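The structure under discussion appears below in the form of structure tokens.
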Amino acid sequence: NSKKRVQEDFLCLLGRKPAEFDPSFNGPIKKRGCTDIICCILFIIVILGYLAVGAVAWLYGDPRHVLYPKNSTGWFCGIGANKDRPYLFYFDILKCATSVNVIATALNGIQCPTTQVCVERCPSEFGAALYFPGMQPSAVFKQELCVPSIDLDNPGMVMPEILDKELCPAFYVPSAPVLGRCLPDFKQLENIPPSFSNIPGLPASVNDTISIIRNGTGDLVNGFNAKEIGVRIFEDFASSWPWILICLLIAMVVSLLFLLLLRFTAPVMVWVLIFGVLAAGAYGIWHCYWEYDNFKNLSASINDIGFTTNFSVYLEVQETWLAILIIISVVEAILLLTLIFLRTRILIAIALIQEASKTISYMMSALAFPLITFVLLLVCVAYWGTTALYLATSGDPVYKVVALNSTMSSCQGINGTVTCDPQNFSADAYPNCPSASCIFIKYNDEGLLQRSLFNLQIFNAIAFLWCANFVIALGQCTLAGAFASYYWAFRKPQDIPMFPVCAAFLRTLRYHVGSLAFGALILTLVQIVRVILEYIDHKTKSSQNAVARFIMCCLKCCFWCLEKFVKFLNRNAYIMIAIYGKNFCVSAKKAFMLLLRNAIRVVVLDKVTDLLLFFGKLLVVGGVGVLSFFFFSGRIHLPDSNFSSESLNYYWMPIIVVVIGSYLIAHAFFSVYSMCVDTLFLCFLEDLERNDGSQQKPYLMSKSLRKILNKSNESPKQRKRNN
């Protein structure tokens, strides 16, 4: 007895004392109080601050600077006064490519140092400002391509002056609208007319002109082609979305059927997977021995080749196959011994998987709960993206006078040094520089809000991560509370409470927002460190030596492992919170110690469940993906259908959408199933420690689990006979 007391005191000192019997405990505790109130208050303050940041961004931001192009006078194309002129035309697009980063220019609203006008349609032909004395400007230029302030029928100036002030383009080429900008159509550049050789600023050779246009605007066109591809993909999605939804519906039905079939076929599937792995190992042993024997007969030894960087040569010597044979044999032996000694625990894992299927069948609403989590996550992502966009455009645009013809010496003094208003700007104020224009330079960064933009963006990202992790924690805790109410019901399904998922959701929101926020905050801090490490690695990758790369790789690996551990700990802590209603730290410690006392069972159950669910995801995603491939590629034709694969620009687009959507659907269903298994497992371990099978302390586990463990509940007759 003294030895037993010493052992109990030692376990208590380590925090590993088994759970004691509580006669009043019969499932998730009803009488509970609010937990981790300080963290709850902090989370509410952050949410209010997040809403305030969004409101400020909405008041001062203007996403039109990113969504719409602007002409040289600062007006947006496609809206307002330019509603009928949605495209931006560059007078000399070569200046865009040679002066600034053109892709950043387009995406951030920065203008090129050339006149730009909003046009109804992009030019579809070649044009050059070739004139002779006495010719009227209207015979040389097109009014729709010139600045609106000039009237070609009565310009009031001569042709050279119009060109010097860039009131009309000196040349234009066939263009296509991409991201609202008129960009050269490379397919038609080969048909450039010989008259382009007489345009000032362009070479005399037509081929050289084509080369300059290609090279000067190549990066610009390539950058905008991504948007053009995106438009085509959107067209494909618009024409195929009903069939995409049908494929996703099939994925949902297959996922549901797979989970329901697990209730009856789990033992067969688990043993098939286990023996399949063993059979693959046995085949590997045979193949390696066969290769080894062949090369041994050929006397192919590693001594004959020595050291070489061509590693494929090593596959043609006997020592390589002998080494692989030994490694696979050792792994196969370990698997066999593990299977022999852990067969009982594998049977427990199978029984819990079957019990999870039965649990979900009693509360089918749990399968729909991930939809709520998905909607909340979608709200978080949308709010973060919108806030980031409005914050990025919250500064007032700054315009400065820029000489479009910077080679003139009289323009050097004003180039980029004088601020201006593009809507009231007049080049007449600078008579010595006729090409002066008012160009957007940057957003104002001198105000209090603008100086704080970087910090606000950081806060936006951190608050988003915290909210997203909280939403995931809310879903896990809710499902854990619902599934725990099933396990601890003495009579199933009679003692299961009404609407268990809804009750668990309301109970979690009422009492445990602080605990969920605490766990989400810990995970968020780890994720922030990982993001910082990735940022540092990206910025310093070119200057890192071998030691620095090794240290960075180790740090990234360590924090990746830490994130996985925190997710595992949080998940089990939320289960304990849902059952006992304690704060996060107490629940995390209780869950960790309970799992530590049953470490082998945890490993076996985790691996068996992961393998089974991976097989299920592979089945759903692979099956639906293959079906969508045959349909969208035109290999399957449906009668009386208006859809044809020939109408798609990229038939792989709907296939990718279906595969990704099928994975998300399968993951949503199987995450519920995995959460159910984890919850029942913790309840099962608690059941073993709390109860002993007597009439006062009966086991609440299923009959299959009691049979596997060789345990039973004592009936009244047995109790009388034992007494």
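Here the Cβ of each residue, glycine as well, is placed from N, Cα and C on the backbone.
Keep in mind that TrEMBL annotations are predicted by a computer and have not been checked by a curator.
What TrEMBL records for 37-60, 241-261, 268-286, 321-342, 362-384, 458-490, 511-533, 545-562, 611-632, 652-685 is transmembrane segment.
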**CB contact flag for the transmembrane segment (37-60) and the transmembrane segment (511-533), at least three pairs under 8 A** = yes
**Item:** Winner by Cβ pairs under 8 Å against the transmembrane segment (611-632), considering only 241-261, 268-286, 321-342, 458-490, 511-533
**Value:** 241-261
**Message:** Against the transmembrane segment (268-286), which of these stretches has the most C-beta pairs under 8 Å: 241-261, 321-342, 458-490, 511-533, 652-685?
**Reply:** 321-342
**Item:** Range from 241-261, 321-342, 511-533 with most C-beta pairs under 8 A to the transmembrane segment (652-685)
**Value:** 241-261
**Message:** Are there residues at least six beyond either end of the transmembrane segment (458-490) with Cβ under 8 Å to its Cβ atoms? List them, or say none.
**Reply:** 25-28, 43, 46-47, 49-50, 53, 356, 359, 362-363, 366, 369-370, 372-373, 376-377, 380-381, 383-384, 387-388, 391, 496-497, 500-501, 503-505, 507-509, 512, 516-517, 519-521, 523-524, 527-528, 570-571, 574-575, 577-579, 672, 675-676, 678-680, 683-684, 687, 698, 700-701
